[in-house]
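Enquirer: Structure below; questions to follow.
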Amino acid sequence: MFNSIGVIGLGVMGSNIALNMANKGENVAVYNYTRDLTDQLIQKLDGQSLSPYYELEDFVQSLEKPRKIFLMVTAGKPVDSVIQSLKPLLEEGDVIMDGGNSHYEDTERRYDELKEKGIGYLGVGISGGEVGALTGPSIMPGGDRDVYEKAAPILTKIAAQVGDDPCCVYIGPKGAGHFTKMVHNGIEYADMQLIAEAYTFLRETLRLPLDEIASIFETWNQGELKSYLIEITAEILRKKDEKTGQPLIDVILDKTGQKGTGKWTSMQAIDNGIPSTIITESLFARYLSSLKEERMAAQDVLAGPEAEEKHLDKDTWIEYVRQALYMGKVCAYAQGFAQYKMSSELYGWNLPLKDIALIFRGGCIIRADFLNVISEAFSEQPNLANLLIAPYFTDKLHAYQTGLRKVVCEGISTGISFPCLTTALSYYDGYRTGRSNANLLQAQRDYFGAHTYERTDMDGVFHTNWSE
């Protein structure tokens, strides 16, 4: 009997994807370039139909036609290496799916190369981490629709489910799937940083104990902030260190890593003039965190504001922080979906924004209840320029802006850094400013570089001799 699908790359994510497929009734062939990971996976089996192969040719020959091969290998050169090894063994009509965090431009290059050989190629964004890979992730496939249809029965089967809906939908051509995952990760960066800043306010400004802060996050997770990241934050704050008995959060070094997808999101936005400021600021916050030694030295040298004895009403300010966090998250998601929309128009992808919001509701790291509202907004207004002007969010932001302004101002007056909350407020105020100060910038550009300018009262392009 032939296997219905093959998985190459048996690290944590690849092994769990293979087990997920096998648990859903698929006959799965698995292959890894080093046999130790293959052997480790086989030891985990509990009756699933999963067959190990130690030679790539045997692996390929075990697959039913058209062959479907799922790659879960490290992004970059390893993906190219695997594809080069596979090409001589595959036939026209076979399908390769890349489920790693590949850059969408690499995916487009590989798509073109394989298209010439008649081999289908899907760039498949996957979100959910190792648990999601096993139990059901959010899946974002991009490539030719007819190629997707060959793989869809398996992809929809292993995806997370929300009600009767699988968290998998055809995203668009070529690199659209990996692009969608890339921006998803940018939103994730911003969401995480905003939550960290809310935590900082509760702990440093209101000086609340960790258990109380955890309870606050648990309460927030019962309302409109309900999301995976809010849920795990409460759990993190309650976790004790086995070695010291102290809260684990207090013994974790405050230096944040990153794997590159957030940077890719920011770079793509910058290259195309898209103001994804909160996403980019969250990346810079990680970079600043990595300067631990410099920060430790600077705290003894750089002065902040004089400490003042303040008596902030706890319940009032907890609500301000909740409002600030919600508004910051809305602004971050608005930027991410604006980046989807503007890039979709730029590349001619026709991204299904309402469906993207729906598949983010389950399995993925940024799953949140208000994604239903985002989907409804794009369903009602498919050409919506920005989520900030969707009626539901317009009303919310009007009501919650006081909370965000209070929190940001308190941070400024006390010298506590809230980079993403501050940037969210600047973005909100900048987006609602009908006439900005960019006229002065354009005049400056024309003064020193003769870059010309447009006028508000007549058509055309103008230059002034400013020294006369």
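Yeah, the Cβs are placed from backbone N, Cα and C, and that goes for glycine too.
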Enquirer: Out of Asn23, Asn101, Asn185, Asn221, which one does Swiss-Prot list together with Gly9, Leu10, Gly11, Val12, Met13, Gly14, Asn32, Tyr33, Thr34, Val73, Thr74, Ala75 for NAD(+)?
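Expert: So, going by the record in Swiss-Prot, that would be Asn101.
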Enquirer: Pick from Asn32, Thr34, Thr74, Asn101: which of these binding-site residues has the biggest number of other Cβ atoms within 10 Å of its Cβ?
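Expert: Result for the most crowded candidate: Asn32.
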Enquirer: On a count of neighbouring CB atoms within 10 A, which of the recorded positions Gly9, Glu188 is highest?
Expert: Gly9
Enquirer: Given the recorded positions Glu188, Arg286, His451, state which is nearest to Thr74 (NAD(+) binding site) when distance is taken between Cα atoms.
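Expert: The answer is Glu188.
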Enquirer: What is the nearest of the recorded positions Gly9, Gly11, Met13, Asn32, Lys181 to Tyr189 (substrate binding site), using the Cα of each?
Expert: Lys181
Enquirer: Between the recorded positions Gly9, Asn32, Thr34, Asn101, Glu188, which lies closest to Arg286 (substrate binding site), Cα to Cα?
Expert: Glu188
